[in-house]
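Shown next, in structure tokens, is the structure this report addresses.
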Amino acid sequence: MHVFGGISNVIIGSDGLKGLVIKNLIAYKKTIEEKEDYCLLRVSGGYNMTRLAKETAEFGYEGLEYHLGLPGTVGGGLCVNSGWYAHPPSKYIGDPVHEVCLISKDGATRIEPKEYFHFDYDYSVLKKTGEIVLWVDFKLKKADPEELFQHGREALDYRKKTQPFGIPSSGCYFQNIDGKSAGRIIDQAGLKGYTIGGAQVSTVHANFIVNTGHATSEDVQKLAQHVKETVKTKFGIHLEEEIIWL
């Protein structure tokens, strides 16, 4: 069985997947507790991140506004600890997490605190356990809605200017290396625009592999391998995939 959210940062091979495939579209949220300075908000794992970023900013709840423009869901975002890295300090979806209800592979449910997930750059323990996010309780500080919208628009505008919007891709392909942009490293290797079949290193952001039309998973794999080998040869840097292959 495979359970997906928004299916961002995922590439499925040309052979497809065997077994049951479920796309989690369950979207609900409710206030669990509200105090003068914070709100405890419960959100389902299938909730769209951009929608949540807009709605929490509108109500003056700080902590998720920088996720405006991200295509994935809350559950997927928790799995990879999605974030905003353009300007320090980095902002991660794991930062305001209070506790999470999980479904294990045997179907049992349990609630775990934030510490269970060992959130880090592009990482949570869910990458290893394969557990499914049923819901998340976020502890969000109260703030000025207009200021939060400003931060969200800043993030969205930055993404539109620096990423290949409107062209099929699975998001950033490689992880950054010790704070260094993988896209910049690939660009410095002279690989922007490099194409194999229908797959191309984006001319806008070199850490995106885009589908210029009828790209196969084999095209993407060959192109990614060429990028890794070129960067290793030129700079001695080993790139690690951020994309999850299935």
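Just so you know, glycine gets a Cβ as well, placed from its N, Cα and C.
Per TrEMBL, the features are:
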DOMAIN    2-108  domain 'FAD linked oxidase N-terminal'
DOMAIN    153-245  domain 'UDP-N-acetylenolpyruvoylglucosamine reductase C-terminal'
ACT_SITE  CYS172  active site, proton donor
ACT_SITE  GLU242  active site
Next item on the list: May I ask for the distance between CYS172 (active site, proton donor) and GLU242 (active site), taken between their Cα atoms and rounded to an integer number of Å?
Entry: 7
Margin query: Please list, in sequence order, the residues in the chain of GLU242 (active site) that are at least six apart in sequence and whose C-beta is under 8 Å away from its C-beta.
Written below: ASN9, VAL80, ASP122, GLY171, CYS172, TYR173, PHE174, GLN175
Notebook entry, point to check: Per DSSP, to which secondary structure element type does CYS172 (active site, proton donor) belong, with helix, strand and coil as the options?
Noted result: strand
Next item on the list: Write out how many residues of the domain 'UDP-N-acetylenolpyruvoylglucosamine reductase C-terminal' (153-245) are helix, how many strand and how many coil, based on DSSP.
Entry: 36 helix, 19 strand, 38 coil
Next item on the list: Would you mind giving the whole-number mean pLDDT across the domain 'UDP-N-acetylenolpyruvoylglucosamine reductase C-terminal' (153-245)?
Entry: 95
